[in-house]
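What follows is a short report on a single structure.
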Amino acid sequence: MAVNNCVKYLLFFFNLLFWISGCIILGVAIYLKVNKDGHSIATEALPGVDLMIAIGVIILVLGFLGCCGAIRENRCMLLLFFISLLIIFILLVAAGIVGAVGESKVQDFLKKHLEEKFVPLSDKSESVKQDLENLQRELKCCGLFKGPADWTKIPDSCRCNATEPDCSSSKLYSTNCYEKSVEWMRNNLEVVLGIAFAIAILLIFGMVMAMMLYCQIGRKDGATTA
């Protein structure tokens with residue numbers, strides 16, 4: 001009984017694209033990691049670079065397993081590939097549930113961590129202060145958590161025109177940068193959910209193809225033995 005070559009090569013090209021995407025993710029993450037212009041506050045607040053490196057490595061390994069399993073018709077590799085995709089799918093769903101249910105707890109933990117590391121801001125290195133000033137100009141905010149009170153000497157990036165919506169009577173931005181960052185992330189939540197949904201669809205497609213090929217190889221081996 002011959003193995004369906006359509007399923008075999010479809011799974012191979014799926015995994016080849018999967019592997020290439022892993023290379024791209026890993027390359028971008030390493031570039032961001034070694035880039036000296038990276039912002040220390042943003043790195044602490046959103047430690048996504050290390051996560052991107054881990055995801056890139058995992059995708060590389062899974063892409064290799066899937067490609068080899070499809071071309072060599074190796075049931076062991078295909079089974080490992082299927083189980084790995086299933087685990088990632090479960091973790092993706094679990095992360096979405098935790099993110100939706102425990103959002104406030106995650107934010108409280110992150111806020112406490114950043115307060116311990118970066119407050120008071122005026123005592124930190126020039127690079128850290130410059131990072132926050134750039135963030136203040138971009139988001140039109142002042143301070144990391146307590147507003148202008150985070151600074152011993154209030155920088156010019158905190159000052160605003162009275163006509164601006166978040167400008168206080170003292171002509172300083174009234175909203176802190178942490179709240180502005182959280183607001184920005186919430187506004188872009190639909191994009192994140194869309195990407196997560198697309199990844200979930202790809203994982204399901206990969207699992208279906210892997211299991212179809214796995215079963216076909218099993219039937220072929222059974223027919224050969226008989």
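From the backbone N, Cα and C atoms, a Cβ is placed for every residue, glycine too.
Unlike curated entries, TrEMBL annotations are predicted automatically.
The Cβ neighbour count for CYS141 (disulfide bond), using a 10 Å radius over every protein chain in view, is 25. Summarising the annotation, TrEMBL assigns disulfide bond to CYS141-CYS177 (among others).
Close to CYS160 (disulfide bond) in the fold, though at least 6 residues off in sequence, lie LYS140, ASP166, CYS167, LYS171, LEU172, TYR173, each with a CB less than 8 Å from its CB. For CYS142-CYS160 (among others), the entry in TrEMBL reads disulfide bond.
Annotation source TrEMBL lists transmembrane segment at 9-31 (among others).
Within the chain carrying the transmembrane segment (51-71), a Cβ under 8 angstroms from the stretch's Cβ atoms is held by residues 8-9, 11-12, 14-16, 18-23, 25-30, 32-33, 77-78, 80-81, 84-85, 88, 206, 210, 213, all 6 or more beyond its ends. Annotated transmembrane segment per TrEMBL: 51-71 (among others), in sequence order.
According to TrEMBL, the feature transmembrane segment maps to 78-101 (among others).
The transmembrane segment annotation in TrEMBL covers 191-214 (among others).
On the backbone, the CA of CYS177 (disulfide bond) and the CA of CYS142 (disulfide bond) stand 6 Å apart. A simple way to gauge crowding: the CB of CYS177 (disulfide bond) has 23 other CB atoms within 10 angstroms, across all the protein chains here.
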